[in-house]
Each structure stands twice: as structure tokens, then as C-alpha cells.
């Protein structure tokens, strides 16, 4: 098992303490073994669906799915993949809102394992620390790369940034299309879901909250 960074451990422990961690159980299975076993099971599933895996279009599909699950769309289940975080001292004494708009994200609904496609806007008020801007995007992506519900994902990003910045003054809003609604069930192709998580001054101060929410495109 890969050793975890200090940032990864801090964020994971903060989420566990708040009951916000994605339901997971460590099984001690290596990445490569996971791929092998997922490939075996996926081969069985596709065969049960009457697909001919000897066809040259399908023969590598179980392998591709296994690799995709472990290395890509579910890579956020492994905190060894938590992004390297750069946090610096706020020597400039910056005290105005920092906002990153329209962070694109693709996640997976944990109920049906189909796509969630959306964007997030993240803001914070610098106190003692400033975080590298690209790190905000990477944190959003990390939590998107696992089976999710949007409400929890929004809270996870909030708590992760609060933990790394040492400040409660963080805000997130997320708008996403859920393909479990769009491509099955009710088959609603136009609706989207918006979730918001506010901390510190964004929750306490109506003016700060309004500045954040009114600036969202």
C-alpha cells in the first residue's frame, strides 16, 4: 500500500470525524489485483448479458473497464491519489474573496453507477494561508472520482479545503446533471441539481454570502 501524504491523512480523518466519508472498507487488495479481479467479474457480467466477448470489438472491454475503474473514474477511493497540495503563508495579507468559477467535474452516481456531469464554483477568504489555485480544481476532481451523491461530494470539498486552509471561511456551489435521472427512470433530459455548502463567514454574513452566490455564472 502506498504511503499517504500528510494532507491526505488530515482530510480523510476530518471527513471520518464528521461522518462525511464515502462508505468504504479497506480490503488490502493491491491495485493490480483489483484490476484482475474486476476484469474477471466484468467478463462474467457481459457474458451473462449475452455479449460475445470473442468479437474483436468486445474482447478487451472487461480489461478496459477494470483499468478505467481503478486508475480513472474511481481513483478517488484511494487516498494515495490525493493531490499534492501547496499551501503558502499569506504574506500579502490578502483578505478579499478568492473564487474559482466553473470547475468542470465528471463523477459517478453511487446508486446506479452512471455519470454525474457538472461544474463547481469554490471560494474562500484568505486568512493565514493561501492555496495554489490549481489545487482547488484537483481537490474537486479527486472527490468526483469515486461513486458519489452530490450533496456529500459538495460537503467533502468544503471540509477538505477548510482543513487544508485552517479556516472555516470556504464556500462551494455545484450544479450537475445526473444521468440516473436523464438516461433511465424518469428520463428527464433537462433538469439539473444544485447543491451549496457554506462555512464560516459565508454562512454568518449575509453580505459575503450574497457576494459569493451573486457572482456565480
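Backbone N, Cα and C atoms are what each Cβ position is placed from, and that goes for glycine too.
According to Swiss-Prot, the protein carries these features:
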{"type": "BINDING", "residues": "109, 112, 180", "note": "Zn(2+) binding site"}
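Sequence features, as recorded in Swiss-Prot, placed on the structure.
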| residue | record | Cβ neighbours (10 Å) |
| --- | --- | --- |
| 109 | Zn(2+) binding site | 18 |
| 112 | Zn(2+) binding site | 15 |
| 180 | Zn(2+) binding site | 17 |
Review point. According to DSSP, which kind of secondary structure is residue 180 (Zn(2+) binding site) found in, if we only use helix, strand and coil?
Key: helix
**Study point:** Near-site residues: Zn(2+), ref 109, 112, 180, CB cutoff 8 A to centroid
**Key:** 108, 110, 111, 113, 114, 116, 178, 179, 181, 184
